[in-house]
Amino acid sequence: MKSPTPALMLQGTSSNAGKSILTAAFCRILLQDGYRVAPFKAQNMALNSHVTADGLELGRAQAVQAAACRLDVDVRMNPVLLKPNSDTGSQVVVMGRPVGNMRVREYMAYKPVAFDAARAAYDSLAADVDVMVLEGAGSPAEVNLKAHDIVNMAMARHAEAKVLLVGDIDRGGVFASLVGTMELLDPWERDLVAGFVLNKFRGDATLLSPAYDVVTGRTGKPFLGVVPWLHDLGLPDEDSVSFRETLAGRAPDVPAGGGMLDIVLVDLPHISNFTDLDALRREPDVAVRVVRSPEQLGSPDAIILPGSKNTLGDLAALRSRGMAEALCALRSADGGHLGPVIVGICGGFQMMGRLLADPQGVESDHARTEAGLGLLPVTTEMGSAKVLRRTSAKTVSGWCGAGVAAGLMPGTGGGHGGAEACPGEGYAVHGYEIHHGVTTPDAGGGAVLVCLHESDGSPAGWTTPDGQVWGTYLHGVFDADGFRRGWLDALRVRRGLEPVGRIVARYDLDPALDRLADAVRGAVDMTHVYSLLGLPPQG
């Protein structure tokens with residue numbers, strides 16, 4: 001009988017302990033040392049997802065981990081994806097395709113089927129590589145959930161993985177969390193734990209030695225490393241908790257004449273694919289902040305309505321908070337000279353339209369039709385078929401996504417180098433679509449222009465004639481360095497600032513993954529890790 005593929009698994013004492021990032025780090029370290037390595041997470045609960053080349057959906061974190069391995073994204077890396085669409089239910093995606101919406105008890109009954117799919121995916125993927133790096137979810141010691149576990153110790157046992165238990169020391173109480181987690185594990189689960197890793201440490205690590213002795217004395221498990229707090233990694237946040245924490249509390253306005261652009265992301269209860277903002281956050285002349293109420297809006301240069309897993313529900317939330325009225329009020333009536341540019345992506349794009357219809361009850365248990373924000377004269381009809389595809393598109397000649405008010409559209413002049421900022425041949429953009437529903441311009445409902453188109457001429461984005469409002473289904477539209485800088489420079493001209501005129505920040509995860517790997521390699525006893533895996537270091 002063939003020996004199992006060596007496997008390392010990162011589990012945590014809590015959510016947001018850093019499992020996803022550390023999984024990516026170990027993937028890149030093993031790759032650097034000459035091993036064929038692949039990531040795996042049996043079940044991911046996330047609204048950040050990614051589409052494979054063959055049109056299948058999986059968690060975004062596994063796409064980043066695949067990049068760490070320099071592999072194409074493969075749905076086997078995350079065979080089960082749960083996308084919450086209410087407080088008690090989720091869309092269940094198995095091997096990249098939705099199998100239905102389920103409430104908690106329904107999914108509990110379905111879990112044996114999901115676990116079969118996860119094990120089969122793991123076995124198939126593991127057969128293709130030298131070593132696997134698995135990621136757990138939440139905590140393995142949730143006593144009310146352990147009986148139905150398919151992602152933590154049950155998966156570790158199937159993979160015969162060596163488990164490293166990760167604790168977030170920045171939040172305090174990490175040693176109690178480690179000991180408490182071990183106490184709540186069954187004996188066979190404790191046997192799978194090979195050691196502890198502390199994450200997000202700030203300070204002098206030598207001061208931790210007394211705690212090591214106490215915890216190791218109680219658990220019999222060694223500490224294999226202390227990973228420092230890593231600033232500005234340039235990698236996507238692993239979940240909405242860390243994303244919101246990162247961007248919360250920013251100043252509501254950029255000082256006039258300060259040279260920085262103020263870009264606002266409207267928070268949604270079921271926000272999805274907030275990684276669409278990652279590339280903008282890397283730009284040195286941009287401040288991105290999350291807002292939840294009209295009072296927080298200030299006077300931004302641009303407002304982005306992001307994707308949503310429950311578009312109609314999140315639209316209702318915007319209305320109840322007063323945000324819908326505030327956004328409409330910011331849509332200036334004088335051709336966009338004063339108001340911010342308003343951008344909708346996927347669900348946010350649907351919300352900006354005149355009407356949203358859900359005749360099949362895709363997002364709820366009954367058919368309904370709701371008025372949209374009315375910012376774009378388009379109508380969306382939800383459908384049971386889910387669009388999952390990668391898309392390449394080009395901007396319409398001369399369009400920069402910031403409107404004619406700044407003189408950046410063809411034939412308007414504008415100065416400040418604006419004409420050079422919007423090339424006649426258009427910008428190439430690439431991304432992916434994940435949505436239910438089809439959006440079409442209203443017949444006679446007001447002017448709307450195509451601003452993005454695919455190679456066959458199919459529209460991929462729409463804008464008002466003045467360019468102040470535009471929307472697209474294309475996730476990753478701002479990842480394109482040229483378009484992103486052109487859009488930002490157009491915003492700068494609207495503000496009366498000089499355009500930068502060149503790409504200053506490239507959105508490239510590979511150097512960031514190398515920096516991450518270097519930091520973790522220097523903080524963790526890799527000789528011990530290799531001995532656990534039964535592998536010699538290579539380099």
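Yeah, the Cβs are placed from backbone N, Cα and C, and that goes for glycine too.
Per Swiss-Prot, these features apply:
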type     : residues : note
ACT_SITE : C346     : active site, nucleophile
ACT_SITE : H475     : active site
DOMAIN   : 260-483  : domain 'GATase cobBQ-type'
* the residue listed as 'active site' - helix vs strand vs coil (DSSP) -> strand
* Structure fact -> Taking all protein chains shown into account, the Cβ-based neighbour count within 10 Å for the residue listed as 'active site' is 27
* Asked: Expressed to the nearest Å, what is the distance separating the residue listed as 'active site' and the residue listed as 'active site, nucleophile' at their Cα atoms?
  -> 7
* Asked: Across all chains shown, how many C-beta atoms besides its own are within 10 angstroms of the C-beta of C346 (active site, nucleophile)?
  -> 25
* Where does C346 (active site, nucleophile) sit in DSSP terms: helix, strand, or coil? -> coil
* Asked: In the predicted model, what is the mean pLDDT computed over the domain 'GATase cobBQ-type' (260-483)?
  -> 85
